[in-house]
Amino acid sequence: MHGDGKRYWHTNLKYLTAILSVWFLVSFGCGILWVEQLNQIRIGGFQLGFWFAQQGSIYTFVVLILVYVGLMNRLDAQYRAEEADS
Amino acid sequence: MSVQTWTFLIVGLSFAVYIGLAIWSRARSTGEFYVAGGEINPIFNGMATAADWMSAASFISMAGIISFVGYDGSVYLMGWTGGYVLLALLLAPYLRKFGKFTVPDFVGDRYYSRVARIVAVLCALFVSFTYVAGQMRGVGIVFSRFLNVEINTGVVIGMLIVFFYAVLGGMKGITYTQVAQYCVLIFAYMVPAIFISIMITGNPIPQLGFGDTLNDGSGAYLLDVLDQLNRDFGFATFTGGSKSTIDVFFITAALMVGTAGLPHVIVRFYTVPKVSGARVSAFWALLFIAILYTTAPAVAAFARTNLLRTIPERAYADVPQWFARWEDTKLIRFTDKNGDGMITYSGNGAVNELDIDRDIMVLANPEIADLPSWIIALVAAGGLAAALSTAAGLLLVISTAFAHDLLKKSFYPDLSERRELGFARIAAGGAVILAGYFGVNPPDYVAATVAIAFGLAASSFFPAIILGIFSKRVNREGAVAGMITGLLFTTSYIVYFKFLFPETNNAAHWWFGISPEGIGTLGMIVNFVVSIAVSLFTPPPPRDVQEMVARIRLPG
């Protein structure tokens, strides 16, 4: 793998780490580990922890994939431009 | 028109569409049969993946389970959606870049080993068969209740339909049929949900109605009222749970990782034209799935509230019509223990007189809420669409695993494409018949084996694929050792508690309080540790394999 390929891969790994951290915090964190504490907070008829477990985490997952798609499309384009230059 | 006429009409019409699509898009080559020639539009692939993924369990059973267990049901909601994040980020793009047709293809090539390939094929076959048996049963239940035929006749009708388009159309036929099935099933799920949401809360969006106030002028929130009703009758509250935190954590993780490792889901990402297409396709798939999954808990809460407000403390003589109709199917059972002619429904088993099968909540919901008959018919068509689309996807994996991975790649490399396609069709046909057999004679352990399916996918495929992409150092010895220990560990734990000593299947005996449903997570960790450890003590993979890994990491 030459230089650009390495950089591409490392940037990808950075994105993965960031997005998977959010993934973990929202589902396993807010939806499971801290559910009792968050349930003290209410938004409308929902207890917040319960809302994360049955609604919020799913919305977050959809957004996370969308963000990753956007980031990677940009990264792919950059990589191709650099490939074309060299 | 009666419910029955409507059902015949809507179900018949939807079946005609599926068959028409299958004829129009039938497969002519193995490439088209296995992966639809790799030329499916990502949005369509997203819909097809969603239909493939959402089975009779998601459509019929999930909201029913949540309606009885409340917060504990979150494991399914998060588990069966969160896996798509893993799929989109860690698996789909790289497997698409790798090309080829199947998961065993990747495992076999990446670990340059026939043993690894065969272990992967056997897992794929086992996981898919477990799953497909449950689908055919779902088809049978819907047919028997809504078309008034025997459950077994229903299964046979379902088999014929699936046989027709899976065997003829292959992946290409299945994909377009699944797009149609997604439309049918999501429409069928949302229409009654919206109606009921308006009826109970006045809010037309079920996801918001879920957290809204009742529209009876009391100003009380739905979930508070439901929690109170549950308490009144001696049940656990809807928003609280009864499972331990560690168990919820492990089950959710096992379902997530299992989802990402299920072969019939992964193979869908081989059908799009480009690597970027695989990523965006995972986004569409999850979006389409999320529509149903965020509605399900709302439906669960509405159904539970309706049930608790209409049935308990009522004289058995004046129960509504739907109650009697479901009693005929034995899915509702009432025994007047104290002989007072009233229905006592209670969390206390000693005085409870009513048994309600969880599976009927979604199917009976429109009747409970007194919705028009065409909606009831629509729900039947939706349930069938969900079951048939998943069954077809699984049958395809079974036929591919058999014809491609086992016959061609493992034993007869000289097999011509024409003959391979012939074998794939024969295998699909054989699988339909076997699945139908299990649908007619369901083994008692179907529910238990689904836990095994996810556990196995989590503890076998997932680590092997992840390490195959993200490590160049993990080698044949490591991967095979890891898959086998992961598998043995998970299977023995489940078999021990589910089959050998079911009487000890409780938190006091479980390791660290992890139930058999969640043990796949631990199996996965075992697999990771063994794979890495064994690899470090054995020679690294050959150069060409390392170069292949480098290649699949770059954009295509």
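Cβ coordinates come from backbone N, Cα and C, glycine included.
Among the features that TrEMBL reports, transmembrane segment is placed at B:6-24 (among others).
Per TrEMBL, the feature transmembrane segment maps to B:53-71 (among others).
What TrEMBL lists as transmembrane segment is B:77-95 (among others). Remote same-chain residues near the transmembrane segment (B:77-95) are listed as 53, 58, 62, 66, 103, 106, 251-260, 265-266, 269-270, 275-276, 278-279, 281-283, 285-286, 289-290, 293, 296-297, 465-466, 469-470, 552-553 (criterion: CB distance under 8 Å, separation of at least six residues from the stretch ends).
Among the features that TrEMBL reports, transmembrane segment is placed at B:146-167 (among others).
Feature annotation from TrEMBL assigns transmembrane segment to B:179-200 (among others). Within the chain carrying the transmembrane segment (B:179-200), a Cβ under 8 angstroms from the stretch's Cβ atoms is held by residues 14, 17-18, 21, 44, 47-48, 50-51, 54, 59, 206, 209-210, 214-215, 222, 288, 291-292, 295, 298-299, 302-303, 305-306, 362, 365-366, 369, 371, 375, 378-379, 381-383, 385-386, 388-389, all 6 or more beyond its ends.
Panel annotation: around the transmembrane segment (B:248-270), residues 34-35, 38, 45, 48-49, 52-53, 72, 74-76, 78-80, 82-84, 86-87, 90-92, 95-96, 99-103, 124, 127-128, 131, 171, 241, 278, 281-282, 285, 390, 393-394, 396-397, 400-401, 453-458, 460-462, 465, 514-515, 517-522, 524 of the same chain, lying at least six beyond its termini, place a Cβ under 8 Å from a Cβ of the stretch. If you look up TrEMBL, you'll see B:248-270 (among others) marked as transmembrane segment.
Look at TrEMBL and you will find B:282-303 (among others) tagged as transmembrane segment.
Proximity of distant same-chain residues to the transmembrane segment (B:374-402), defined by a Cβ-Cβ separation under 8 Å and at least 6 residues beyond the stretch ends, is recorded for 1, 3, 6-7, 9-11, 14, 18, 34, 51-56, 58-60, 101-102, 104, 121, 124-125, 128-129, 131-132, 135-136, 138-139, 142-143, 145-147, 158, 161-162, 165-166, 170-171, 174, 177-178, 181-182, 184-189, 191-192, 195, 263-264, 267-268, 362-363, 365-367, 423-425, 427-428, 431-432, 435. Residues or ranges marked as transmembrane segment by TrEMBL: B:374-402 (among others).
Only residues 6 or more beyond the boundaries of the transmembrane segment (B:423-440), in the same chain, are considered here, and those with a CB under 8 A from a CB of the stretch are 30, 33-34, 129, 132-133, 135-137, 139-140, 151-152, 155-156, 158-159, 162-163, 166-167, 170, 391, 395-396, 398-400, 402-404, 407, 415, 446. TrEMBL lists B:423-440 (among others) with the feature transmembrane segment.
The transmembrane segment annotation in TrEMBL covers B:446-467 (among others).
The transmembrane segment annotation in TrEMBL covers B:479-499 (among others). Same-chain residues lying 6 or more positions outside the transmembrane segment (B:479-499) and placing a CB less than 8 Å from one of its CB atoms are 107, 110-111, 113, 115-116, 119-120, 123, 445, 448, 451-452, 455-456, 458-461, 463-464, 467-468, 505, 509-511, 515-516, 519-520, 522-524, 526-528, 530-532, 534-535.
Look at TrEMBL and you will find B:519-538 (among others) tagged as transmembrane segment.
The list of residues near the transmembrane segment (B:282-303) in space but at least 6 beyond its ends in sequence, with Cβ under 8 angstroms from a Cβ of it, reads 42-43, 45-47, 49-50, 53-54, 58-59, 62-67, 70, 73, 77, 80-81, 84-85, 87-88, 92, 182, 185-186, 189-190, 192-193, 196-197, 200, 206-207, 209-210, 222-223, 226, 238, 268-269, 361-362, 365, 368-369. Residues of the same chain lying 6 or more positions beyond the ends of the transmembrane segment (B:6-24) and with a Cβ under 8 Å from any Cβ of it are 146-147, 161, 164-165, 168-169, 173-174, 176-177, 180-181, 184, 373-374, 376-378, 380-381, 384-385, 388.
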